[in-house]
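Copied from TrEMBL, the annotated features are:
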- 29-48: transmembrane segment (TRANSMEM)
- 55-76: transmembrane segment (TRANSMEM)
- 100-126: transmembrane segment (TRANSMEM)
- 138-156: transmembrane segment (TRANSMEM)
- 176-195: transmembrane segment (TRANSMEM)
- 233-253: transmembrane segment (TRANSMEM)
- 265-288: transmembrane segment (TRANSMEM)
- 300-322: transmembrane segment (TRANSMEM)
- 334-352: transmembrane segment (TRANSMEM)
- 364-383: transmembrane segment (TRANSMEM)
- 389-413: transmembrane segment (TRANSMEM)
- 425-446: transmembrane segment (TRANSMEM)
């Protein structure tokens, strides 16, 4: 069987397993990798060696960062630091511009904290704002927070998906963070504009609710919240800033100073992504210790391993598939085929990621699949890997619909029916994805 035919059949097998069975993404990708290797004539032993090497290499490059990033987010959540960030931003921006405050809060908080957890944690804040000022529609606030969370969640390490994509592309993490922050900031502004100038203008009856949910503004009672002393803004944001600054200084010094310079050597260690994220976790424990009980500190160390295990395995499986593709020589054919498609190269990862997100629901799986298939373009030197990174990550917002778990978190917290969820959250994600790919295409003109 020709390598091209083997590759196409392997992709079909992968899609069928993801869409039509209950087999998880890790097993599905591994099955596809083994099939492609054996069917293309690589040989059984050689295929399994490629799977092993690709899995181990990718797991080694992203595993520690994902684990530590998950742990960092959990400490910020447990201590109340994430909530303090949101409340401080609201006090700076003011309640009259509360939707902007929600968008900015989401943009910052979702860098270390999982999006589902962050939304549940911050939802009482926008509901409280709405109770105090009935002039601010809750739909605008709810969607602005969601959009802010989703932009950095899909674009900025140490969020697991973007870390995985950067690892698969062998992309310097400092560049990934720098460009991810830039593009996601513009996407957040676009999402806020949709909330402020469209959703906020809609009458109450434009929002429809799940059967049995009755929204009576006069009878909304304030939710009881446990009174808790929160850390101040500075120590709340410091554990996020420390690793980002270390990693970006490493990237900056490598690009601007000579190889033998003392700062290059020093920050090659301090700015190593594994070390920098670990410093962030250590600083979170030290600075936020008095806002958590001792049991929680050790519990989070254990639960973080459970919560991020699957994303590490899926990412490593993507690395195994990429290694098999490289060993069979299919990677050059893929690159040539994509180039011959006539589409702008920067648009291809976006379309693959968007299609994958639409059909199977997971943004992380979507961007990992896209990066795996498009990595040959970067390896061959046709396109800067940071553009593939941005395009694949932006695309994970493009195909968002009801098969995504966050859709139901958003809808259920706000009581929205499917129709309202689509025209608020999904429409907002469509807008930010279009803005994101336009910005990425503009950046491609200078790379």
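Placed from the backbone N, Cα and C atoms, the Cβ positions cover glycine too.
Bear in mind that TrEMBL entries carry predicted annotations, made automatically and left uncurated.
Taking Cβ pairs closer than 8 Å, the transmembrane segment (334-352) reaches residues 7, 325, 369-371, 373-374, 376-377, 379-380, 382-383, 387-388, 391-392, 394-395, 398, 433, 437, 440-441, 444 in its own chain, all 6 or more past its ends. Within its own chain, the transmembrane segment (389-413) is flanked in space by residues 115-116, 119-120, 123, 142, 146, 150-151, 154-155, 161-162, 165-166, 169, 171, 176, 179-180, 183, 187, 210, 346-364, 366-367, 370-371, 374, 420-422, 424-426, 429-430, 432-434, 436-437, 440, 443, which lie at least six positions past its ends and keep a Cβ under 8 Å from the stretch.
By the Cβ criterion (under 8 Å, sequence separation of 6 or more), the transmembrane segment (300-322) is in contact with the transmembrane segment (29-48), since 3+ such pairs are found. Using a cut-off of 8 Å between Cβ atoms, the transmembrane segment (425-446) and the transmembrane segment (233-253) share fewer than three residue pairs, counting only pairs 6 or more apart in sequence. Note on the transmembrane segment (233-253): residues 72, 75-76, 79, 81-82, 84-85, 88, 108, 111-112, 158, 172-175, 177-178, 261, 263-264, 267-268, 270-273, 275-277, 279-281, 283-284, 287-288 of its chain, located 6 or more positions outside it, place their CB under 8 angstroms from a CB of the stretch. Below 8 angstroms of C-beta separation, residues 82, 109, 112-114, 117, 157-160, 163-164, 166-168, 173, 236, 239-240, 243, 273-274, 277-278, 280-281, 284-285, 288, 292, 297, 300-301, 303-305, 307-308, 311-312, 315-320, 322-323 of the same chain, each at least six residues beyond the ends of the transmembrane segment (55-76), sit close to that stretch.
Residues 64-65, 68-69, 71-72, 75-76, 79, 81, 112, 157-158, 173-174, 231, 235-236, 238-240, 242-243, 246-251, 253-254, 297 of the same chain sit 6 or more residues outside the transmembrane segment (265-288) yet have a Cβ under 8 Å from a Cβ within it.
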